[in-house]
């Protein structure tokens, strides 16, 4: 059971961009909407894509699909390179997805020194179990998040409401594997084998992996999903 509750974030790249900026990411990074995986649409997307956030229905089908997607089998060295936090705040999956996006891979090079995101991204492997506690007890995160969360175009849900959608993040750590990071799981999920250090998150085969994820839990056919890309402004 959760003891802390946040207002859920609206699926708006501008809101997610403002959130990461006030928590310590340089304005050189921003989130933009991904309208389609169609090649003719993707050519207009800034590259490289450093991370992808997916929002989809939080139902039993989706939860089952995530449970069976990816694997927990990877080396301790690979795990050391991934920053993942267990979600301990109700309705804050958007915060955790944004955090996972900016604290991994080359995106973390844009985090300002001394910021709360810097503390999280710099945590040693031994201290990472404390990351969830850092997030939950941070007055700065709570205040800044609350200020941003009310700026959506729709009336925000109450913090204790049960919301129907969930956010997860696909990113590459400092190695070349694609990772699915979801604070509601038991840890990070490795999605594929070595896919090239130079490629971005929407290069093949990463793009196909994300598409397969959407198909497996039914969001692709129903169009009940949205996506955002973390890119350089």
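Heads up, the Cβ atoms here are built off N, Cα and C, so glycines get one too.
Pulled from TrEMBL:
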DOMAIN    5-232  domain 'UCH catalytic'
SITE      87  site 'Transition state stabilizer'
ACT_SITE  93  active site, nucleophile
ACT_SITE  166  active site, proton donor
SITE      182  site 'Important for enzyme activity'
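Of 87, 93, 182, all annotated as recorded positions, the residue with the shortest Cα distance to residue 166 (active site, proton donor) is 93.
In the predicted structure, the domain 'UCH catalytic' (5-232) carries a mean pLDDT of 86.
Taking all protein chains in view, 22 other C-beta atoms sit within 10 angstroms of the C-beta of residue 87 (site 'Transition state stabilizer'). Geometry remark: residue 182 (site 'Important for enzyme activity') versus residue 87 (site 'Transition state stabilizer'), CA distance 8 Å. In this structure, residue 93 (active site, nucleophile) is part of a helix by DSSP.
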